[in-house]
Amino acid sequence: MSENSTPRVGSDRVKRGLAEMLKGGVIMDVVTPEQARIAEDAGAVAVMALERVPADIRSQGGVARMSDPDLIEAIIAEVSIPVMAKARIGHFVEAQVLQALNVDYIDESEVLSPADYVNHIDKWDFTVPFVCGATNLGEALRRINEGAAMIRSKGEAGTGDVSEATKHIRTINAEIARLTSLSKDELYVAAKELQAPYDLVVEVAETGKLPVVLFTAGGVATPADAAMMIQLGADGVFVGSGIFKSGNPAARAAAVVKATTFYDDPAVIAEVSRGLGEAMVGINVADVPAPHRLAERGW
Amino acid sequence: MSGLVIPGGESSVMDKLARTFGVADVVRRRIAEGLPVYGTCAGMIMLADTVLDGIRGQQSFGGLDVAVRRNAFGAQTESFEADLEVPELGDPPVHAVFIRAPVVAELGPRARALAALPDGTVVAVEQGALLGTSFHPEMTDELRFHRYFLDKVAVSSAGSSRP
């Protein structure tokens, strides 16, 4: 790698590096500056600024788009932790706008209505880093090939049902484990089957992990949900509707942070789970008709 | 424990969890007793006696006689890599990665600057057994800062093993 002496912004290392700094943490969806403040006070490592949490997008329907710049700027002004914002899949102009607004990370997200059913955003073109969702290893590697600097395994956002998140983090990790067991000459077909670039497949087979940080998202509603995701191998969690759709957001947010840190200490998880009030009501993913399942968006 | 490294991350979260779970007082006491500690980025914030632009109520472990400004360069799009002259480490320059990085805004008389950006902003400091850098040597193959810290650990261990 050539390293010249003039300062360089937007490098791969700098983009992936911010995600490294978020490891072990909780990223929370917020829709107002007040919620962002609560999240920061509770110990969030970053916030996701959006107009509607997934549970509301789900219940209200319609086309979900990038949030109002005024809202994003107000949230950036309110907190000092990193602020992420969502662009529609394939909507590179929304991404350009978010970069111009100085967000710290863009989530090219299936929670919003896709803008392009064929192509994702060419993320190498941007200085700001991107996080993208994935249900399996092939999808994760395709996103990384397009320049994603962080992956989040998809769950079924806005349901409070963690089963899809569990399925996808398990799938990704199982597929990684399988790659590490293959011999070198089997990786060509593995790349074909995963529909992923051969070089990335070789890299994962050699290192036994993704080349970027892997968080999990979608349906995480309790401290125990968050801890389970970390025990299953996630580097951290996104909590969307789970916090601000619950009875006591400040307490639940702080509890999820503590449980994520002490993910392997059931005594701590038990302690922080007490007296949190009502969790978000929740919808069983099995009751969501297939056309309304967000995790199936993206390819 | 003969040395402690506090890596990058979110300093406000480190502070909150360290206080909630009783780690902060222990670390403070060990720093006062001379434990070698190296803090990179958020870790340097945790070692600073004064934190500027912290979140409401943010505290640090302290130990370094400096005021560190959190997130001094702005948003992530301002994060950068650059070569940095570090006289103590000689040639070649250190390739340094700054991610939403803090800087040393005020250097107290007990702390010593080890490196600065071309505009004079101090980004690496030491004070006795304590070492702090705004940047992340752990993100490159650069090992000289780690060796520099291990020397402090060796000196400290030799001192404490005396009868």
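Cβ atoms here come from the backbone N, Cα and C positions, even for glycine.
Not measured: the values here are computed from a predicted model.
Per TrEMBL, the D-ribose 5-phosphate site holds A:GLY158, A:GLY219, A:GLY240, A:SER241; the candidate it also names there, chosen from A:ASP12, A:ASP29, is A:ASP29. A separation of roughly 20 Å, to the nearest angstrom, links the Cα atoms of A:GLY240 (D-ribose 5-phosphate binding site) and A:ARG170 (D-glyceraldehyde 3-phosphate binding site). Residues within less than 8 Å, Cβ to Cβ, of A:ARG170 (D-glyceraldehyde 3-phosphate binding site) and separated from it by at least 6 positions along the same chain comprise A:LEU232. DSSP assigns A:ARG170 (D-glyceraldehyde 3-phosphate binding site) to a helix.
Other C-beta atoms found within 10 angstroms of the C-beta of A:ASP29 (D-ribose 5-phosphate binding site) number 29, with every protein chain shown included.
Residues A:ASP29, A:GLY158, A:GLY219, A:GLY240, A:SER241, recorded as contacting D-ribose 5-phosphate, have a largest CA-CA distance of 12 Å. Taken together, the residues of the domain 'PdxS/SNZ N-terminal' (A:13-217) have an average pLDDT of 96.
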